[in-house]
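Beneath this line is the structure, given in structure tokens, with notes to follow.
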């Protein structure tokens, strides 16, 4: 795969070199650190769009939740919106508040800290989320160790899996009205190819092309990981996982896919550029001293933040970023309406992830969708990020711990 990507001034070879030698080794190390390896997720939320057709019965679909005793104290204490030592003390305050008014037990805290707690509490109700967020207070929400539950092929396929992707593409992707529905990919390839030819790109503005390419890139990413970590054989109950070249060829080879495979892979590179751009834009948020990436282990927290800031410096050094300023740049009323439509479409896609019948697929689908949603939220919040106060939380822009974990892990995928 070579050449320049559509809708941006960047070539694939430059991205490969930049990622291989600068970004990937560091992002891999970051994902292994406690702050980023534990993700809280509710895998029992019902599908909001159709009757649940049952979960995957294959044992590899199972997700093993993390025992409470294994979760770092700084992560499980207080609200997961909070990421600094000072903020996590708020849980203690909540307990005391039952007997005393907040002001009475809070005499040692600055007014700035009190304001921070109020801001964080309010923030969940904000209107800038691109994803349907899990209620982390739900008894069904559990911590998962992402390192012990890797994304890989589980055997989940067929009509149930196809219906999820069909719903995503048909109901949520901007496209010409003349296209009624994506045909079943299990149908003969000649018919599928006819759909693809009709689909691209007649009448689509930049924003709608971007939206489609992000979803296609996410789909390609997930398919690539299934091919790269495939159950090759199971002998005497011992599975052997590894790359399945035949499966990769079936999904991406130009001949097998009538030329469509390389386009899917290019969309993956486009997705990479979007999330890379978001990381470079959000750097000022994390460069502030108020952000600690708090787990309760001071030494590890300091190392995690130093590594994250190092990655941010690398992202800023990349000279061929996607220019998001070209999006929603029309008349104010039309641009605002299109942006809101963009947000609602993507939020709907995050809800469809609750319809995935395999728990492990659902876990990684929800995480990567939330990561992309967080990236979009960042790109559309540039002014708020630029005006962040140095030593107190921002009233205009805030990230929950879940969004931070999802952003880093989605980009890592």
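One is the number of the first residue shown, and numbering goes on along the chain from there.
Cβ atoms are placed via backbone N, Cα and C, with glycine included.
Database features (TrEMBL):
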{"type": "ACT_SITE", "residues": "358", "note": "active site, nucleophile"}
{"type": "ACT_SITE", "residues": "361", "note": "active site"}
{"type": "BINDING", "residues": "152, 154, 165, 216, 219, 251", "note": "FAD binding site"}
{"type": "DISULFID", "residues": "56-61", "note": "disulfide bond"}
{"type": "DISULFID", "residues": "96-131", "note": "disulfide bond"}
{"type": "DISULFID", "residues": "358-361", "note": "disulfide bond"}
- prompt: Within 10 angstroms of the C-beta of residue 152 (FAD binding site), what count of other C-beta atoms is obtained when all protein chains are considered?
  reply: 19
Message: Are there any residues at least 6 positions away along the chain from residue 216 (FAD binding site) with a Cβ closer than 8 Å to its Cβ? List them or say none.
response: 263, 264, 267
Residue pair residue 219 (FAD binding site), the residue listed as 'active site' - Cα distance, angstrom, rounded: 12
Query: Including all protein chains displayed, how many Cβ atoms other than that of residue 61 (disulfide bond) lie within 10 Å of its Cβ?
result: 19
- line: Cα nearest the residue listed as 'active site' among recorded positions (131, 152, 251) -> 152
Field: Cα-to-Cα gap, residue 152 (FAD binding site) vs residue 61 (disulfide bond), nearest whole Å
entry: 9
Task: Among 154, 165, 251, 358, these being the recorded positions, pick the one whose CA is nearest to that of residue 131 (disulfide bond).
output: 165
- request: Between the Cα atoms of residue 251 (FAD binding site) and residue 358 (active site, nucleophile), find the distance and write it as a whole number of Å.
  value: 20
Task: Whole-number Å only: compute the distance from the Cα of residue 358 (active site, nucleophile) to the Cα of residue 61 (disulfide bond).
output: 5
- prompt: Hey, what's the Cβ neighbour count for residue 131 (disulfide bond) at 10 Å?
  reply: 25
